[in-house]
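Trainee: According to TrEMBL, the protein has these features:
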DOMAIN    4-119  domain 'CUB'
DISULFID  Cys4-Cys31  disulfide bond
DOMAIN    143-217  domain 'LCCL'
DOMAIN    224-381  domain 'F5/8 type C'
TRANSMEM  440-465  transmembrane segment
REGION    633-656  region 'Disordered'
Amino acid sequence: GDGCGHTVLGPESGTLASINYPQTSPNSTVCEWEIRVKPGQRVQLKFGDFDIDGSDSCHSSYLRVHNGIGPTRTEIGKYCGFGFQMDGLIKSRSNEVTVQFMSGIHTSGRGFLASYSTTDKSDLITCLDIASHFSEPEFNKYCPAGCVIPFADVSGTIPHGYRDSSSLCMAGVHAGVVSNTLGGQINVVISKGIPYYEGSLANNVTSKVGPLSTSLFTFKTSGCYGTLGMESRVIPDSHITASSILEWSDQAGQVNIWKPANARLKRPGPPWAAFISDEHQWLQIDLNKDKRITGIITTGSTLPEYYYYVSAYRILYSDDAQKWTVYREPGIDKDKIFQGNTECYQEVRNNFIPPIIARFFRINPLKWHQKIAMKVELLGCQFSIGRAPKITVPPTPQNDDNDFSDDVINSVKTSLQTDKTTFTPEIKNTTVTPSVTKDVALAAVLVPVLVMVFTTLILILVCAWHWRNRKKKTEGTYDLPYWDRAGWWKGMKQFLPTKSAEHEETPVRYSGSEIGRLRPREVPTMLQTESAEYAQPLVGGVVSTLHQRSTFKPEEGKEASYADLDPYNSPIQEVYHAYAEPLPITGPEYATPIIMDMSSHPSTPLSSISTFKAAGNQAPPLAGTYNKLLSRTESSSSAQALYDTPKGQPGPGAADELVYQVPQSMPQSTGSKDK
């Protein structure tokens, strides 16, 4: 009839509207739509807008819905009224429905817009639904075919998002999520709005620039929209070919070649251009192996002085570059013509629903401005499909059992037929097999667990090592726990003074070569020791066992005598100490008696090099290679002591002379004799 408006009738869904919608419909018009879906399914109808004059009780202006087509159809309902709101869906009892619109004499009324689908699409919406109609932060809806309508607005683009006032289904077509010819399911996510929304041209939908909004929406997709290598040069120049190449010389005589390798999106400089501008030109891209191609982006020359671009084109694809297939949408028996550029700068995107699975991709320009020139980028992802296991036919038994052989052959034939039906285009459209998904999920769980376990073990080892080193540092050489050990204590007894009942002479040896290098007057100075906070045990030279606790100073107020076996032993002090107590600051320091080996200097008088005083002017006798000290003097008044005086005390002529303990003797070497 003459009252039909926007109409798209798809195999599973579609959209229909009255003439001149959303303006006032003309008088005395009629239109009838016949809708068919697959046998065994039913049709459901939903109105997005309904505004028909009902002043005469649906007598001259109305919308009538019939179950079935033709003379046998039966009426489901008759509807009219201004701003009529219909809750729910109108469902048929068969797979065929007739919709009849009648417009009589009226002064107002927009008419109607409705969408339909099969009854298994329970979440059907219309082309007029916008994101602000739904309060959920995330939801799934089914968009019917035919939602690219001139009276709906879209603001925004991917990946930034679309303004909440945009038509959901029309934005889905612009984003490449659903097809305008087929419709499809959309997964919508609501988020906070942005101050500015860009505009772009994609899939024959022009989105407008939009202002600030409180919220926006985006779509969840499979993620197969990455670039395939034109801009990034993953695709080499040798894999980009063309039917012809434009070559020309400019006014300066320089030759310009607009070769196919120039057809890379966002590449500065000239594009690819055909030498001849006709419908037989093409640009071909070899992807090296089968890829899942989901879209294409094109521009013109991008040069203001050469305003060339392609405004419409076809797509062909092949697996061997010999047999080519023209891209068509499912259920459509004619080639799909893609809208190209409207000027030479803007990027225009077109998506393939369903995707193309191929290695060789060819663009065939059909319309252009001045000359055929373009830059392109392909969108998609890697394509992989598991191969069916190789079937091994068991050897036929050598007997007359034909039934068994027939069963084996039939089973093999069945398996082969199943394998053939497995590799269909529908299976190629899948992205990830279930087994791969399970492996990815298992790896996502195991990897963090293993990392945590190894990290814990490393921390335990580091802490144990740190604790052990810290314990070693706190337990020094003089710690009491180690002194109490019997083995260590026995080894240290030789360095500690011990009490001896027999006062034997203890010779102390020094190297004659070291003493020989010193002058006689430098020997006493060399052998003097610096004052220390604690009395030092006698460890110089070869020293035998000394008296125990002999490093303690004498008790105050008690004069040392030769009758005392241990002048340092204090009857009051009963507590045993592991090392010497500190001497008082004012207490005297005592020089250590030293016997030196003078065998290498027989002519040197002992009185000139010895730090001990001799009785009178007589030199001490020599015994072999050792100097010998008298054990004790019998008279302190008649003869001076053979020991040196303490530091800081009066000289040899002092009246009160201190007497020191005679060093204990040790066995003399076997080669020495007394003279």
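Here the Cβ of each residue, glycine as well, is placed from N, Cα and C on the backbone.
Nobody curates TrEMBL annotations by hand; they come from automatic prediction.
Remember, predicted model here, so these are calculated numbers, not experimental data.
Describe each of these features in terms of where it is and what it packs against.
Mentor: According to DSSP, the secondary structure content of the domain 'CUB' (4-119) in residues is 0 helix, 61 strand, 55 coil.
Cβ neighbour count for Cys31 (disulfide bond) (all protein chains, 10 Å cutoff from its Cβ): 22.
Secondary structure by DSSP for the domain 'LCCL' (143-217): 8 helix, 29 strand, 38 coil.
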Trainee: Which chain-mates of Cys4 (disulfide bond) that are at least 6 residues away have a CB under 8 A from its CB, listed by sequence?
Mentor: Leu16, Ser18, Ile19, Cys31, Trp33, Phe101
Trainee: Report the mean pLDDT of the predicted model across the domain 'CUB' (4-119), rounded to a whole number.
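Mentor: Across the residues of the domain 'CUB' (4-119) the model's pLDDT averages 91 on the 0 to 100 scale.
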